[in-house]
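Only one structure is covered here, and it is reproduced in the block below.
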Amino acid sequence: MYGRDPWGGALEIADSGTDDDRSRNLQDLDRAALSRPLDETQQSWLLGPHEQKKKKYVDLGCIIVSKKIFVWTVGVILAAGLIAGFAALLVKTLPKHHHRPPPPDNYTLALRKALMFFNAQKSGKLPKHNNVTWRGNSGLNDGKSDSSSISKNLVGGYYDAGDAIKFNFPQSFAMTMLSWSVIEYSAKYEAAGELNHIKDLIKWGTDYLLKTFNSTADSIDRLVMQVGSGDTTEGATPNDHYCWMRPEDIDYERPVIECHGCSDLAAEMAAALASASIVFKDNKAYSQKLVHGAKTLFKFARDQRGRYSVGAEAATFYNSTSYWDEFVWGGAWMYYATGNNSYLSLATNIKMATHAGAFWGGQDYGVLSWDNKLAGAQVLLTRMRLFLSPGYPYEEALKTFHNQTSIYMCSFLPFFTSFNRTKGGLIQLNHGRPQPLQYVVNAAFLATLFSDYLDAADTPGWYCGPNFYSTDILRTFAETQIDYILGKNPRKMSYLVGFGNHYPKQVHHRGASIPKNKVKYNCKGGWKWRDSKKANPNVIVGAMVAGPDKHDGFHDKRMNYNYTEPTIAGNAGLVAALVALSGGKTTQIDKNTMFSAVPPMFPVAPPPPAAWKP
């Protein structure tokens, strides 16, 4: 077969050749020997199709991907890991800049010190962590010397002031105030790192109070009111006022004084145990023990009427003017601790409040102290109206107490003339009489607490007559008074020992005034330390002294106890006021813990009916 040769010659096509042979023949041509250049079409025909590279793949089991993509992906991941590791290493090696929490405010710092005073006042076998190096075990024979005493073991408790007497009346009030502050402000105590500390202090007091009567019985006919004696008359036998000795060195007998008709003392002790039972509600066994003791004491208070201090030595030091205020105060605490409405009915009895002086308006009206609990009781019951609102039949009385509380708060403000103030700004709640600070701190606590109650109830303030005042003004009042005590006063003196650089050095306190030098001074041997003009060898950190006079004057003299003697009742109010003010208004009160034992005021709503079925 012949065909036309497109390059000018004849081309013979052999039928017998296969396509593969022809292809190999073309590949064998010497392309360099061609006589003229080939155009594009000829080159493509002659050279044959372009060779393509074969793609490679990676089988990952669940998916097949291009090897190129796989390599790039793995590379990127490794690079990212290296960068991240380097960054982490860099962060670890660079110096760290922590955002430190703000330093504690003055109220928190003062709180920590004020609590230490109770460590210095402990009687009995001290725990290892007591942290007062100059104190030791004392009063280990209390109760043993009196064969007629209820208990042969009256070891423990607190000395009331600079002496070594244990008075149950102010001690119970101190424990009640501490417990109240914990119930309201436990979160603030925890923030200050002092919650466990104050609970230990409260338990130290309540453990002792449980020893002073038959706490396992349902009914009693007597209780211990005092351990130790304070007779100061000339020629008195060695006792806890006449002698000036360290408590650790006491070698004379300490009498146990009991009472059979002491409603005020028993009701105050009941308040202490009842309030503490709420503090220790998570320790059910101990809480129930406290509640049982409180019930026994309150029953005794109601059954055997009388003032504990009548005809007793205690009248010289802690005279009680009435027991009606303790009935209202104790009844309120008993209701919160038990939820028993009979206590609430008693506490909200207007006749009871009238007997206690709720509507008399005397010179001490509205002043909370170890003797007069009415102001505290009415604030405590106002709490119920604000947060529980029980309605009939309690509403009328609670409304009256709420109004009375509002009047108390008005009397604290500088716009009113119920109380004078010193030139330095200290309110004279005891009208210029000695030892003013114990009343001031209690008022500061109540004012701050009432302010926090109103804030928690979304109420911006309260009325004093036609004028409306915001809650902030109450807190300001409390701050100015506590600031005065901490050093913002004309003398620039802190009346809290150990706080600031200028504070009393001759505190009226025998344990602090006698050095711990392994020398045992006898009854009169310690008088040289009592009469010394030098500063106390031991600093009794956290003691709030009695305070200045009505002219802002202060005499730092050991024997002038009206200026320099601290008490546990006064310090308890200070602790309560300090914790209430600490941390500002960042943490509100605990509205619920107070009512933990109170049953629902109203019946629980019935469940909704079942869905209707045709």
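Placement of Cβ uses the backbone N, Cα and C atoms for every residue, glycine included.
Residues annotated as active site in TrEMBL: His508, Asp556, Glu565. What TrEMBL lists as domain 'Glycoside hydrolase family 9' is 107-578. Per TrEMBL, transmembrane segment is recorded for 69-91.
Using a 10 Å radius centred on the Cβ of His508 (active site) and all shown protein chains, the other Cβ atoms total 25. Here the CA atom of Asp556 (active site) lies 10 Å from the CA atom of Glu565 (active site). When the neighbouring Cβ atoms lying within 10 Å are counted for each of the active-site residues (Asp556, Glu565), the highest count belongs to Glu565. His508 (active site) sits 9 Å from Asp556 (active site), taking the C-alpha atoms as the reference points.
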